Amino acid sequence: MSSPRFFTDAGIEVPAVTAAQMREVDRITTEETGPNLFQMMENAGRNLALLALAVLGEVWTSARIVVLAGSGGNGGGGICAARHLVNRGISVTLCIAEPGDLDEVPAFQRKIFRSTSGREITPTSLTVEPVDLVVDALIGYGLRSAPRSPVSELIRWANGSGAPILALDIPSGLDATTGGTPGDCIQPHWTMTLALPKTGLLPQRTGQLFLADIGIPEQTYRRMGLSYVNPFTKGFWVPLTCR
Ligand SMILES: NC(=O)C1=CN([C@@H]2O[C@H](COP(=O)(O)OP(=O)(O)OC[C@H]3O[C@@H](n4cnc5c(N)ncnc54)[C@H](O)[C@@H]3O)[C@@H](O)[C@H]2O)[C@@H](O)CC1
Ligand SMILES: [K+]
């Protein structure tokens, strides 16, 4: 099967990468060119919050948002977005799947979140109260196998909540390289992928797809041998179409 190709509305093609290639982009960025992980995660989370506000539209001031976060880089972006949304007076509930397992940078995001008025709950405390938006930041390109508990329960809760879902980077449970689903998988209305689209982001799995800038300089992509033209023009995210 040929790899999907991704284009902006202006016709700029953005190269799609596998999870392994994205991990290498990440390595070159963090070890050689910068930005560092703290900076990229902040950029990811801020863009995610802005996109959440955009998809909510006029109801944003009275919106109730649940942010589901995992323990890795994907979860950290979600926790960061949760803070930016709370800082705008929105009712945000943060649910971290396994709070005892947070990596260093997401743990720092959680520390900052704890100085907001946002609420943090455990997975077993999630209720069926109406929600306007669910933000899925459970797993990104780090998926290892079929999602296990409690992540699998959170995916099923989100899909059954009746609320639209905005997924960060990859719908949790989707294999970023193949587009396969070894188990439960988030069914999003929108996906905001980071830096470059991944080969597994098939249109039937992502809902409307957006690409967000996390500040990676062109040098990083050149070192990977990728043909890259800045797709963002003056903005910080763009819609992407898969052909
Ligand atoms: N340059 C980039 O691409 C950047 C990526 N970032 C984000 O970081 C993500 C990658 O971060 P990580 O490498 O930490 O990986 P992820 O955060 O995608 O996934 C790792 C987490 O998922 C859990 N997990 C994996 N498989 C599971 C399964 N089958 N069941 C239950 N839990 C499972 C792991 O226990 C771990 O907590 C990207 O998808 C993106 O969202 C950002 O942090 C900013 C920089
Ligand atoms: K996700």
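The backbone N, Cα and C atoms fix where each Cβ goes, glycine too.
The model shown is predicted, which means the values in this text are computed figures rather than measured ones.
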Additional site residue, Asp101, Asp169 [criterion: listed by TrEMBL with Gly73, Asn74, Gly75, Gly76, Gly77, Gly140, Tyr141, Gly142, Leu143, Arg144, Ser145, Ala146 for (6S)-NADPHX]:
Asp169
Ser115, Ser117, Ser161, Ser172: which one does TrEMBL list with Asn74, Asp136 for the K(+) site?
Ser172
Determine the Cβ neighbour count for Asn74 (K(+) binding site): the number of other Cβ atoms within 10 Å of its Cβ.
26
Near ligand 2, meaning Cβ under 6 Å from any of its atoms: which of the binding-site residues Gly77, Asp136, Ser172 fit that description?
Asp136, Ser172
Nearest-integer angstrom distance between the alpha carbons (Cα) of Gly77 ((6S)-NADPHX binding site) and Asp136 (K(+) binding site):
10
Using DSSP and collapsing to three states, where does Asp136 (K(+) binding site) fall: helix, strand or coil?
strand
If you count, for each of the binding-site residues Gly75, Asp136, Leu143, the other Cβ atoms lying within 10 Å of its Cβ, which residue has the minimum?
Leu143
